[in-house]
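Take a look at the structure set out below.
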Ligand code: HEM
């Protein structure tokens, strides 16, 4: 009898203990800076829809803004972490590494709509992560959940962007710059495959075509002629597809082009100059795992150096720090 009555009490105690532990885990999670899917589901339930519509509106008038938004998130996350530092006008963004960056106004427009509905709630760093996710989906790429809860950073310095990779970087340099950001060879290959959409200015191709010692011998002859026809000597502004023949559509053809050397920028071609990265490129060609693993790498990139909890701020406008 005594035993029977103690059992429910023990079970209740165990349940209570479990609840306390779960609560503690959640609190620790927050203080450790973990993001969560649906972070704004109560504080601003329409946040993700508002961002999607802003991206859709922008793409309706200029579809090339979609790849620009994906690049923008990469440039945000690699410099000081995904903290919106790239969005501050006249600061970090002036570094030449950010040359050609576009889509900042799309983020500003989405943020302005969010401020009307839920002032002071949604960070610019999150708007950027959501916009990049939407851009991928809208170019036929995978749809995926983006953990949110980032706060905006309080600094943006022009020299901070020196850490970004260059189109002329060799595989060792690319690998070490990615490693500094906590990303491995697999992430490097998958994230570079974001070049399945978008274009590059001839500026980033010219040295491979008209270098001091001639053209890059790694470029197949037919493709070299094609690139030279697109990028005449001295033309820095004409744009060429990063994924030859498929620049508006997220697909695996970038991997085939990388393997065949049919890519305009040297950093993409460099992925096959190394056994480990070349093997990864080969393994993802035609594989259904490509889209799934790409999502994993994007989500991982989106966690670099995030600011959460009570740190940083929620900017009123994305292009300036709050004044109060
Ligand atoms: C591996 C190192 C990388 C290098 C050296 C690099 C370099 C470049 C360069 C030179 C351009 C052309 C910029 C222009 O002329 O406007 C470009 C465009 C682009 N990059 Fe990368 N990138 C790298 C990694 C990434 C990553 C990790 C992502 C995203 C996950 C990304 C997404 C894009 C996109 C979508 C474009 C097209 C932008 C547009 O069409 O406006 N890149 N990249």
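Here the Cβ of each residue, glycine as well, is placed from N, Cα and C on the backbone.
Keep in mind that TrEMBL annotations are predicted by a computer and have not been checked by a curator.
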Additional site residue, 196, 199, 200 [criterion: listed by TrEMBL with 243, 251 for Ca(2+) 2]: 196
Env. residues of Ca(2+) 1 site, Cβ within 8 Å of mean position of 76, 79, 81, 83, 85 Cβ: 77, 78, 80, 82, 84, 86, 92, 125, 153, 156, 160, 305
Within 10 angstroms of residue 124 (disulfide bond), Cα basis - binding-site residues out of 79, 83, 85, 165, 196: 83, 85
For the disulfide-bonded residues 44, 77, the one whose C-beta sees the most other C-beta atoms within 10 angstroms: 77
Chain-internal residues near residue 202 (disulfide bond), provided their CB is under 8 angstroms and they sit 6+ positions away: 230, 231, 235, 236, 237, 238, 239, 240
